[in-house]
Amino acid sequence: MGLLDKLSGWLGLRKKEVNVLCLGLDNSGKTTIINQLKPANHSNHLGPLSEEWKHVSQTQAQEIVPTIGFNIEKFKSSSLSFTVFDMSGQSRYRNLWEHYYKESHAIIFVIDSGDKLRMVVAKEELDTLLNHQDIRSRKIPVLFFANKMDLRDAMSSVKVSQMLCLENIRDKPWHICASNAIKGEGLQQGLDWLQEQIAQSTENNEHMNE
Amino acid sequence: MSDSGSDGGKWLDAHYDPVAGLYTFSSCMDLADLSGDGESRLVVGDLGSGSSGMKLKVYRGTALMSESILLDLPAGLVAFFMDLHEPRIPAVAVASGPCIYVYKNLRPYFKFTLPGLEVNMLEQDVWQQVREGQIDPLTLKEMLESIRKQADVPLSVRSLRFLSLDGSDMDEFVQLHKQQPIRRQTVITCIGTLKKSTADEDGVSCLVIGTESSDVYILDPEAFIILSKMSLPAAPTSMDVTGQFDVEFRITVSCRNGNIYILRRESDKPKYCIELSSHPVGLVRVGKNVVVGCTDESLQGFTQKGKKLWRTVLSAPIITMAAMNLPTRGFQAVLVGLANCEVQLYRDKNLLSTIKTPDVVTSICFGRYGREDGTLIMTTKGGGLMVKILKRTAEFDDRDSTPGPPLAQSVRLNVPKKTKLYVDQTLRERENGLAMHRAFQMDLSHLRLAAAKAYVKALESSLTPMSSSLTEPLKMNAVVQGLGPSFKLTLNVQNTAACRPVMNLAISFLYDESLYRMRSPYMRIPLLVPGLIYPFETFVECTSDKGISDIIKVFILHEGKSSPLLTAHINMPVSEGMTLN
Ligand SMILES: Nc1nc2c(ncn2[C@@H]2O[C@H](COP(=O)(O)OP(=O)(O)OP(=O)(O)O)[C@@H](O)[C@H]2O)c(=O)[nH]1
Ligand SMILES: [Mg+2]
């Protein structure tokens, strides 16, 4: 990092670029979550939608189709400039995930809290991810969304973290939030945690570089 | 949620409810997207206790979504598209007794009843007489019994029930039933689906049903009329259907006579027959072949024309079988539930993996469940429900597990190049083969002749240590003991005749007198009892100190005969005692 870059970084003139990988099984709500975070939805920074805008977001959510391969989305927060890789969760595309591990600075892992049956599949994919050579030794922050908390038979975020054995992740910062991607609930809280983690890790890195 | 050892960690344990209260067979389970939301449900015809509690149950994920009462025991259940309406939601057909109950959106929609069978005329007459009050129940019983013995048309269920009653119940039964006409119904034993005209995944399907009356019917899915009727030599127990009704199809049916029949579109009679050595338990089609599980704990593969391909022996009796098709990975295999709490996966005759289960598995169903294509659903004897999901990374290696030629056999040996000499020799042999063979045969004959001559000479001059004489059959061997110059010579003489003793024999030695001195160069032999071995000992002194040895000849002689009976040559060892001195 050049001195100028650092300066502009400190002064907040140029936002730091971070790559976020959004993973999870198909139909878990990854695309829906990212759509909520995108600037087109101005309301997303304001938390849950106000009543009169609800129909807008809902029609948008209904347009979402299963992702093929992956999509790249960009959006900015107050301090960071995000590039999100919205990966397809279908089993035939899951082998694409690992090609993006190296470049990513954070991972968002989305779980459908209503899909009890496939919790083992989510766990299997998560374990494979955490044991991958490009992830294993890194202190990369992982944000979990226990999505679809609005469903009648949804499991609580505590139950989800139990079933995924998240307590076994000791060498990476992680956090789990219950969310409802359609209404945008719970997303901001998770994103705040992620920003904080990224800020911390860059600080650490800079210390190390000096 | 652990990987169990023997299946090599290929399956994820998604769900196990040991007390789900689900009692069913593979034929009464199907997977279908019943809501049109891309999520497959599990539809089960639950047999309950076998006499009550029969239910149609639908599972979504790990939860029971709906259940409704079934009036009779289900014999089979299939989900199928009966029309072209949008959204594409399949109907469910449950076969029980002589009827098929069709459910749409899980609501009863239509009931189809099989046509009645021909009724015995005599039986009809008898009941007519009962109705008119001409005969009493006892006479009725007698008459029905005699009809049952002779008739080629079997009795109706009503008459059979009547015959099984005690005297006291007969009156009441007759009063209750006599007004109704007699009907004879068959029951459905198995059910399948057959695409009508397209092979599309969501194409309209006909129902194919097998009945106790040994018939197979194909039903039109919209009008529920019988499109085709075919006859079998025996009652079907399970079947597999492939193809399209309007184009070409093939129905493979296993029957209660232990045979498998293959029906084709052109004919209402079986086209091929597979005769099994024991009864079939399950039938699964894999590609173009049929895999049959038999009661003799074997799994057998046949072509679609009934030609036997292979047979493999299993470790326990087969309880149930199902196909494992994973089109996205081009994978096809057969799942076999065994009585020893194992579910084995076979590709052809090769065992790919074994799943151990806590209870005996009574039904298996593999396919898309929820949003997962590779889901294995099993129910157990104790009413449990088990769901396993095939790992995305699971691979089954097609190792030939049956003992056969060792692997080394197929390794190519590093054979050296042919030399010029080898090539020349080969050419020579090829050109002069006949001459070489003749020369060889001639030499061989010469050799044989020479051998025979020598043998005859030896016999004639009694040069052998065996006597061929018929009157004095003798055998002798000699042992030399000692280092020299003194040797002990023992001659063991045996009369090999069956019972006749030999008399008047003597032993004489011939030797170089400048070399050896013998204590008794002539000995008389006493009477030789047959069978016994007589040792005769004598001492030989070597008189030379030059370290040389010679042959001592032994003769067994008969008094009054000039030629010896036996001759033996003893190679004397070199005397070592002399040199020691
Ligand atoms: N009830 C409810 N439905 C949701 C929620 N989030 C997403 N969905 C729905 O879930 C379905 C799948 O959402 P997607 O965003 O396409 O899921 P995805 O993870 O991107 O799926 P793939 O692209 O196939 O990997 C859509 O029909 C969404 O409307 C939620 O919080 N609650
Ligand atoms: Mg998506």
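Start at 1 and count along the chain as shown; that gives each residue its number.
Cβ atoms are placed via backbone N, Cα and C, with glycine included.
Reduced to three states, the DSSP call for A:Lys148 (GTP binding site) is coil. Annotated GTP binding site per TrEMBL: A:Gly24, A:Leu25, A:Asp26, A:Asn27, A:Ser28, A:Gly29, A:Lys30, A:Thr31, A:Gly89, A:Asn147, A:Lys148, A:Met149, A:Asp150, in sequence order.
Annotation source TrEMBL lists Mg(2+) binding site at A:Thr31, A:Thr67. The Cβ of A:Thr31 (Mg(2+) binding site) lies under 8 Å from the Cβ of A:Ile64, A:Thr67, A:Asn71, A:Asp86, each on the same chain and at least six residues away in sequence.
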Out of A:Gly24, A:Gly89, which has the highest number of nearby Cβ atoms, where nearby means within 10 Å of its Cβ, if these are the binding-site residues? A:Gly89
When a 10 Å sphere is centred on the Cβ of A:Ser28 (GTP binding site), how many other Cβ atoms does it contain? 26
Can you count the other CB atoms that lie within 10 A of the CB of A:Asp26 (GTP binding site)? 20
Of A:Asp26, A:Ser28, A:Lys30, A:Asp150, chain B-adjacent binding-site residues (C-beta under 8 angstroms): A:Asp26
Largest inter-residue Cα distance among A:Gly24, A:Leu25, A:Asp26, A:Asn27, A:Ser28, A:Gly29, A:Lys30, A:Thr31, A:Gly89, A:Asn147, A:Lys148, A:Met149, A:Asp150 [record-listed GTP binders, Å]: 21
Reduced DSSP assignment, A:Gly24 (GTP binding site): strand
Please classify the secondary structure at A:Lys30 (GTP binding site) using three-state DSSP. helix
Which same-chain residues, if any, lie at least 6 apart from A:Lys30 (GTP binding site) yet have Cβ under 8 Å of it: A:Cys22, A:Leu23, A:Gly24, A:Thr67, A:Asp86, A:Met87, A:Gly89, A:Ile108, A:Val110
Cβ-based isolation winner (fewest other Cβ atoms within 10 Å) among the binding-site residues A:Thr67, A:Lys148, A:Asp150: A:Asp150
